[in-house]
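Let me begin by presenting the structure, written as structure tokens, before commenting on it.
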């Protein structure tokens, strides 16, 4: 593959966007539409809210829990192979679910198998968009991620009609055939090599991190076997560490904790919106229409927020746009229990759908801003992995609260406060970072002090020196040289 100096911001990149768009339809939109089966599953198997909610939870959990596996296959085998394999597994899971005789059967087929297939497709496809775009990255992600909203808008009423015409078994069988389109999406994902990407394993051996004596030994061994040089223990350890070194970045740690609370708050809404609407007297078709509204407005949030955050005035404030969108969704959840008829639920679907689309678009953009493009695939795998436990736990917890209290109020309030806390946490972290940066800048402008900061791993030593220079010098020295000084 030719090595490009930077993302092309166009060309075949638009086909990558189209492929990612279809992937989000076949994964996230189909997952959302599983909530339409909720009442059917509950009535057919005669189970309570909490046990039935585990189906949706396991799908979401498996999708996010196995996201690092999707990134691993994409990085070390091929993005195309990973997505095609995921499409086959997801389709097989949906088809097997159409023959289910118990909830436990659905837990394994619709939950684990289909979720695993979605995991192999989702994060690699999203990471590919980040490799092809830089200047128009947010817009490209907005278009690609809008597949979730468009898919929900189209599939929600279609799935309801399929259930009425062919029962829930027939609807799952048809969805299984539809999801096979993921294999077509995988064929579109042409890989690209960027100069900023990590160097390959053999190239590592030419760098300074390998001792000279060991480097000579490795070169001598490479005459006999190039594989020994390429896959030496030291090289593999270094590759593994460098692939996930972003985990120790403070900015990524804060983002990760924020994602945990955000994921807990957003998941139950998609499971319980239709059952809640039915419980307050809304018809089945109107309840499905609420999901369609949420989906189409989700599209507008994807594209408009993507376009707006690419503008020069907002490009530097993507984090604050992200936390604002998450906070607004939290407020929507807090007000949901008082909306008890269809005319009031329609504005809710508009508002929640718009800001849901907004922050979903900005998750990969904000992640790329924190860790860089070269680590984006691995970082997205970790970010979506962090969604797993909240996605697994929150719908059953919400269902237990509904079974215990007899209403949805406690469930929706817990979701709202969780998302607001996620937004507040990220906001305080960004403000603290800004204050720290301002403080350091004021120190560098202090004309009365010169600081030499000596670093050796976690050791930092500051000394005062001559008063006529204002700059701060960062010098890296090893332990021996520092001791000699």
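Note that Cβ sites are derived from N, Cα and C of the backbone, with glycine treated the same way.
Ranges compared are 43-63, 169-189, and TrEMBL records transmembrane segment for 169-189. Outside the transmembrane segment (169-189) by six or more residues, the chain places 15-16, 18-20, 22-23, 26-27, 30, 33, 37, 79-84, 86-88, 90-95, 97-100, 110, 117, 121, 124-125, 128, 159, 162-163 with a CB less than 8 A from a CB of the stretch. Most Cβ pairs within less than 8 Å of the transmembrane segment (252-275), among stretches 81-100, 139-163, 287-308, 345-367, 379-402, belong to 379-402.
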